[in-house]
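Listed in TrEMBL for this protein:
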type: DOMAIN; residues: 168-255; note: domain 'DUF6534'
type: TRANSMEM; residues: 12-37; note: transmembrane segment
type: TRANSMEM; residues: 49-71; note: transmembrane segment
type: TRANSMEM; residues: 91-109; note: transmembrane segment
type: TRANSMEM; residues: 121-145; note: transmembrane segment
type: TRANSMEM; residues: 157-184; note: transmembrane segment
type: TRANSMEM; residues: 204-224; note: transmembrane segment
Amino acid sequence: MSAQAFDPNPTLGAMLVGTLCGCILYGVTCVQAYIYSTRFPDDHWMIKFSVCFIWMAESAHTGTVCHTLYTLLINDYGHPELLLARPPRSIIGYIEITVIIAVYVQVFFSYRIWVLSKSRIIPAFTYTLSLVRFGLGTTLFSVGLNVKSVTEFGTKWQWLGIAMWSLSAVEDVTITSALVYLLFQQRKNVHKSTTAFLDKIIMWSIETGMLTCSFSLATVILFHLMPNNFIWIAFSTLEARMFSNSLLASLNSRSVLRELRDRPRPGTTSNGLLTFSTLTEGFRTFSPWSKNTNYSRGTSKGITVDVTTTTDEPELMDMRKPAAF
């Protein structure tokens with residue numbers, strides 16, 4: 001590549017933009033991890049481990065991407081012919097870290113499907129996809145350590161990357177569809193005042209699932225069409241951030257969902273006292289979502305009314321139990 005023919009926009013420019021956007025999203029990850037640590041100190045240790053693991057993996061991912069950018073912009077400054085030569089080891093390392101983050105998050109949400117459905121069919125399918133994707137990513141990592149140029153990596157081993165990111169997109173769609181279907185099924189059995197609560201969960205499930213799927217599809221398309229530039233690398237960098245933030249957002253959103261759940265419902269006063277219409281209407285309960293709490297409330301005339309309130313809250317909201325993980 002001659003200096004006169006060198007165009008930095010699809011190579012160094014794409015890498016720079018992707019790294020800067022990735023650093024911004026890494027900041028979001030750090031904020032979300034901090035919010036989690038302050039709001040949910042009583043969660044099960046496996047949930048805490050997951051948050052810590054994701055944050056550490058994101059930190060390592062950011063370090064490898066920044067090292068790659070420094071090598072290309074500073075160490076190889078003035079030598080564009082080196083751009084498509086043997087890639088820095090860090091750029092290969094960050095691909096493997098991306099795979100680890102994505103697989104971990106997908107396994108996390110696959111387990112949630114099992115908690116909701118108590119069926120092993122869909123989780124077994126998504127677990128298999130995660131295992132295959134991890135194998136493909138590790139193979140791609142091993143191959144990348146020995147390639148002589150980016151051109152060789154993008155032509156000889158292109159099929160491996162396409163298969164890996166395609167599997168990721170399929171798994172994202174499967175997980176999102178399963179979660180939405182299960183939540184819609186539960187929506188039919190809840191009290192009407194709880195539907196807004198479930199609608200919010202459904203909406204967030206669709207948004208996060210489609211976001212990660214979109215970046216996986218964008219990466220595989222760009223890698224197929226333009227394997228010799230770095231635009232696909234920029235999208236792959238952001239893909240890892242999408243996975244991490246989707247997991248952390250799902251954990252931190254519990255506080256928002258609980259506020260939505262605890263709002264005064266029709267038939268209650270602002271202080272929570274039940275009116276006559278509520279007493280005659282009753283509540284519908286179902287398992288494993290409902291948690292009943294009995295308590296007595298005295299009236300001003302000395303009459304004691306026994307009231308049973310029902311919290312239609314998914315057991316996924318209670319992360320203090322191992323089953324919630």
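Cβ atoms are placed via backbone N, Cα and C, with glycine included.
Just so you know, TrEMBL annotations never went through curation; they're auto-generated.
Computed from a predicted structure; not experimentally measured.
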**OP:** Determine whether the transmembrane segment (157-184) and the transmembrane segment (91-109) share at least three Cβ pairs under 8 Å, counting only pairs 6 or more apart in sequence.
**Re:** yes
**OP:** State, in range form, which of 12-37, 49-71, 91-109, 204-224 has the highest count of Cβ pairs under 8 Å to the transmembrane segment (121-145).
**Re:** 91-109
Original post:
Same-chain Cβ contacts of the transmembrane segment (91-109) under 8 Å, 6 or more residues past its ends?
Top reply: 50, 53-54, 57-58, 60-61, 64-65, 68, 126-127, 129-130, 133-134, 137-138, 140-141, 144-145, 164, 168, 171-172, 175, 179, 212, 233, 236-237, 239-240, 243-244, 246-247, 250
**OP:** Sort out the residues at least 6 away from either end of the transmembrane segment (12-37), same chain, that have Cβ-Cβ distances under 8 Å to it, and list them.
**Re:** 51-52, 54-55, 58-59, 61-62, 65-66, 68-69, 72-73, 83, 229-231, 233-235, 237-238, 240-242, 244-245, 248-249, 251-252
**OP:** List the helix, strand and coil residue totals of the domain 'DUF6534' (168-255) as derived from DSSP.
**Re:** 79 helix, 0 strand, 9 coil
Original post:
Per-residue pLDDT averaged over the domain 'DUF6534' (168-255) comes to what?
Top reply: 87
